[in-house]
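Encoded as structure tokens, the structure appears first; notes follow it.
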Amino acid sequence: MATIEAVLGNLTTGERHLLTAVNTGASTLSLLGSGFIVLCYLCFKDLRKFSFKLVFFLALSDMLCSFFSIVGDPSKGFFCYAQGYSTHFFCVASFLWTTTIAFTLHRTVVKHKADVEDFEPMFHLYVWGTSVVMTVLRSIGNEHGHLGHIGRVAAWCWTETGRTGKAVHFFTFYAPLWGAILFNGITYFQVIRMLNNVTRMAVGMSDRGAQSDTRADMKALNRWGYYPLILIGSWSFGTVNRIHDFIEPGHKIFWLSVLDVGMSALMGLFNSIAYGLNSSVRRALFERLDLLPESIRRWFPKKLKSRSQQAQHESELVSLKLEEHH
């Protein structure tokens, strides 16, 4: 991920091999998870709604971020620059896409606006434009090139040189990251608080229909409310490690570096599970299973049938709310 090149310095060859393996293994899981969501979006036309389109771009960013993280440093020339820039660019784009999803949810549920699709060009300008700016700015104070080879294992490009480079890295990655975490947290809190108020009003009015609808919304929001924790869990160790490295550049804490690399590389997997594997995706998958011959379907667990029927009754909050206005 965007942190691997910053944690390899002053470590033994064995420790570097282990960090390389952790990064490759975790990034591969993220690549597979996010790639699955991208594939579902491309294959299932009924998933191509605006709400899931944002999830698609999130998964696409995660997939490319994981891919370039696995690639490592293929050469000293053009590919070295491409790997360094691309990893940073797509990792920043990933957490920025989560803010567009939070904004869409807030505007739809709290503001009761049906114009969220009109913001799509602005979303692309915001995400890709900010990612480009942060990526270019990060080159300040950095010397591109090999961090060094570990036996036959290639290291990574774009190592920070000096305190200026480390400060710029923190400003161009961790500052917008924690800004996104704060924005998502406040947004989801406001949405959940509003739905709680609606629930209390429905109870006071003894409106069973409204209570039923709101309970369905709250069930979905209880899951969405944990989404800011994905970024916190993925990048807390990396943030602490960057601060420690800035204060004591000559002393690496190996266990912290392992958690830093491993958790950040798993961000794509966490996002694909939380954002991508919703009721709409499960329903689409179950419907395709129903098209298989009986001789094949009988080999699947019987629970899949009941889950298929249950998925048809589940509501995905954003899709539900958006379609109510069309």
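Cβ from N, Cα, C; glycine included.
Annotated features, as they stand in TrEMBL:
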type	residues	note
DOMAIN	19-279	domain 'G-protein coupled receptors family 2 profile 2'
TRANSMEM	20-42	transmembrane segment
TRANSMEM	54-72	transmembrane segment
TRANSMEM	84-105	transmembrane segment
TRANSMEM	125-141	transmembrane segment
TRANSMEM	171-191	transmembrane segment
TRANSMEM	224-241	transmembrane segment
TRANSMEM	253-277	transmembrane segment
Inset, instruction - May I ask whether the transmembrane segment (224-241) has at least three C-beta pairs under 8 Å with the transmembrane segment (54-72), counting pairs 6 or more apart in sequence? - result: no
Inset, instruction - Determine whether the transmembrane segment (253-277) and the transmembrane segment (84-105) share at least three Cβ pairs under 8 Å, counting only pairs 6 or more apart in sequence. - result: yes
Inset, instruction - Tally Cβ pairs under 8 Å between the transmembrane segment (171-191) and each listed stretch (20-42, 84-105, 125-141, 224-241), then give the stretch with the top tally. - result: 84-105
Inset, instruction - Could you check if the transmembrane segment (224-241) is in contact with the transmembrane segment (20-42), meaning 3+ Cβ pairs under 8 Å among residue pairs at least 6 apart in sequence? - result: no
